[in-house]
Amino acid sequence: MHEQYTPRDVEAAAQNAWDEQQSFAVTEQPGKETYYCLSMFPYPSGKLHMGHVRNYTIGDVIARYQRMLGKNVLQPMGWDAFGMPAENAAMKNNVAPAKWTYENIDYMKTQLKSLGLAIDWSREVTTCKPDYYRWEQWLFTRLFEKGVIYRKNGTVNWDPADQTVLANEQVIDGRGWRSGALIEKREIPMYYFRITDYADELLESLDELPGWPEQVKTMQRNWIGKSRGMEVQFPYDQASIGHEGTLKVFTTRPDTLMGATYVAVAAEHPLATQAAQGNAALQAFIDECKSGSVAEADMATQEKKGMATSLFVEHPLTGEKLPVWVANYVLMHYGDGAVMAVPAHDERDFEFAHKYNLPVKAVVRTSAGDDVGSEWLAAYGEHGQLINSGEFDGLDFQGAFDAIEAALIRKDLGKSRTQFRLRDWGISRQRYWGCPIPIIHCPSCGDVPVPEDQLPVTLPENVVPDGAGSPLARMPEFYECTCPKCGTAAKRETDTMDTFVESSWYFARYASPNYDKGLVDPKAANHWLPVDQYIGGIEHAILHLLYARFFHKLMRDEGLVTSNEPFKNLLTQGMVVAETYYRVASNGGKDWFNPADVEIERDAKAKIIGARLKTDGLPVEIGGTEKMSKSKNNGVDPQSMIEQYGADTCRLFMMFASPPDMSLEWSDSGVEGASRFLRRVWRLAQAHVAQGLPGQLDIAALSDEQKVIRRAIHAAIKQASTDVGQFHKFNTAIAQVMTVMNVLEKAPQVTAQDRALLQEGLEAVTLLLAPITPHISHELWKQLGHEQAVIDATWPSVDESALVQDTVTLVVQVNGKLRGQVEMPAAASREEIEAAARNNENVLRFTDGLTIRKVIVVPGKLVNIVAN
């Protein structure tokens with residue numbers, strides 16, 4: 001065994017051994033317990049960042065630990081390879097997105113391998129390859145024929161300069177991010193998944209996921225947004241509107257119906273269109289609303305604006321005339337594009353009514369009383385007894401709901417209804433680098449799905465987009481085709497699918513990545529699925545995780561999988577954060593400096609109190625800790641860390657610095673500490689091995705001192721097993737190993753028993769570290785005399801008899817203050833303990849001249865003598 005620990009050599013040797021033996025390639029083994037551990041696959045952006053390293057290390061520690069428990073562990077990896085960044089990079093560098101993507105995958109794969117991850121690379125999937133997306137197209141055609149996918153007009157952000165559709169996040173202050181042109185709202189035909197058909201099940205089966213963080217389940221519940229309410233119809237005022245009809249609204253607060261003082265409609269509503277005829281000012285306002293953001297989050301924060309129409313509707317119960325307003329806060333796609341406004345009990349209506357001097361009528365007695373003041377109070381939105389509501393006065397929320405519903409049903413002007421916030425999922429993207437939508441538009445037959453024997457519809461890979469619309473729409477060689485039904489000239493769909501589609505089923509494809517008879521091989525899929533442990537960032541809590549759950553149910557209903565949910569347990573890892581440093585630039589902006597280029601000064605408590613740039617020695621401002629990012633220039637390159645310290649040190653630091661679900665603050669001194677610790681383990685093992693391996697430990701002949709050492713070893717095994725196995729608290733498990741190392745380094749090395757005990761301790765340390773620092777553990781295990789590789793060793797078991805203590809040390813307090821210690825046999829009675837405590841030399845000094853009133857004994861811990 002080399003005297004010096006050289007991570008580069010140790011890690012290369014371990015990785016070569018794993019590659020040669022294909023240590024992580026798994027097959028279905030009926031009868032052996034499976035464990036499917038999956039980290040969210042990366043987008044091949046070019047380089048791994050520390051967030052990736054943390055995510056994949058957490059997954060790897062769990063996978064390796066489960067393997068040590070004797071399970072058949074699947075840990076695959078792939079590439080979420082379609083998407084806009086590739087198009088943007090392609091335009092910037094004048095290179096085809098395919099070339100850019102495949103080069104990035106090659107580089108990032110070598111980076112992942114250098115981390116020593118226990119990945120079955122034979123199952124690698126790349127979503128931009130036809131052998132992957134052909135099955136997505138196959139499922140699309142099946143679902144289209146069943147009506148689960150349909151086509152309708154949808155509102156999009158249209159950039160008139162680039163002639164393209166922009167995502168909400170590409171619209172900055174109403175302008176296109178690339179062209180700077182004012183964005184228009186456009187209606188274009190798009191394809192939609194009927195996810196709303198599954199809304200109830202998606203909501204209810206969250207209760208089948210006890211292994212998910214409550215926070216994520218709450219976010220999904222809110223996103224699905226089930227609300228029970230009432231559909232209320234306000235009859236048209238024929239004098240102003242000119243014809244019969246009713247305005248439908250949905251409300252979750254029908255108890256406040258008697259407080260409605262106006263109604264508001266969306267800019268796209270037919271009543272808005274009618275009112276704008278011959279009213280140029282109203283038409284201009286409607287156009288302004290239509291050009292605003294279509295994102296709900298923006299709507300919530302934007303200024304509430306409205307304009308009166310000359311139209312009125314009638315209150316369904318009183319017949320009173322209520323004015324119709326057009327308002328920018330009403331969404332056409334929620335409810336029916338209209339709301340009844342109750343300013344006294346809804347904050348948004350309250351703001352709007354105050355802005356435009358509309359009446360406010362209180363109809364609920366709240367904790368703030370019967371009246372509503374000029375400033376909004378949260379209490380105004382409470383449920384309470386009805387007032388100013390005629391026959392409904394005195395009723396509570398439920399009583400009013402039922403009575404008002406009955407009154408509306410009698411007049412045929414309302415009924416109770418369940419509503420969801422969730423909308424159907426529009427998947428059409430006017431982009432090039434995505435999965436082609438397998439539809440042919442025929443002038444006679446309409447939309448015809450591409451027949452199975454003509455799949456995949458292959459995306460041409462030698463295209464460099466220019467940002468002006470989709471290049472596919474300008475490629476007759478791509479879109480010109482014949483109708484599969486009637487044989488006439490037809491046109492292929494040039495939109496591609498939302499890239500969330502690829503990541504909604506990849507976890508199932510890993511079970512049979514080379515299967516060529518369907519989306520998945522049902523036998524293999526049901527062998528591995530559902531995923532036992534899924535690991536990824538909280539930012540995917542809603543969209544990705546909801547779409548993946550939806551797709552799993554689609555696959556189940558197609559007979560491909562039998563389970564209801566894709567991921568049994570979910571771990572959302574925290575961010576990696578680091579210090580930021582900047583100087584204010586001449587233009588008022590900030591120039592950010594990488595922490596590696598900054599010299600810092602700390603106070604006695606290690607708090608940073610000053611910072612200077614290394615190049616010029618001048619001060620820089622301290623910006624505080626933030627998530628590692630390019631924009632703040634506070635990232636640390638994982639590759640340089642691996643080259644400097646080795647992968648095991650990086651892995652150890654990341655697992656020790658914080659629990660996996662909390663933010664991890666990068667610290668160079670922490671990395672140094674991890675490196676020092678591994679060198680200590682190596683040194684102790686090297687000195688031990690150099691003397692030749694010892695014989696068997698004779699447990700029956702251990703001295704008291706040796707029993708204490710062995711107790712420390714097995715206490716650490718017990719605690720680490722709980723920390724890793726039950727709670728994923730790798731940081732506290734590592735702390736246990738460090739405690740044992742402190743004991744082993746001080747342990748005497750005189751007798752054969754001493755050396756045999758150290759052997760047991762070093763083996764325990766090696767096994768406990770094996771999932772976290774696999775390379776050094778691989779070498780240590782070999783040097784400690786084992787022929788079988790550490791990856792095939794089992795997790796250490798606790799010898800409970802080693803934890804039994806013959807004697808215990810109790811602290812003795814007098815009136816709550818520590819005054820001494822007594823060592824007692826573990827089986828000593830309460831009376832014996834009390835007598836020993838009273839007669840302790842130091843205790844006698846502090847009780848001299850006092851009367852002992854009471855003695856409290858806490859077995860195994862302390863004795864408190866109360867005296868005065």
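In case you wondered, yes, glycine gets a Cβ from its N, Cα and C as well.
Within the listed segments 42-52, 416-426, 614-624, 658-668, Swiss-Prot records motif ''HIGH' region' for the stretch 42-52.
Taking Swiss-Prot as the reference, the stretch among 627-631, 797-801, 837-841, 847-851 described by the feature motif ''KMSKS' region' is residues 627-631. The Cβ of LYS630 (ATP binding site) lies under 8 Å from the Cβ of no residue that sits 6+ residues away along the same chain.
Over the motif ''HIGH' region' (42-52) the predicted model carries a mean pLDDT of 94.
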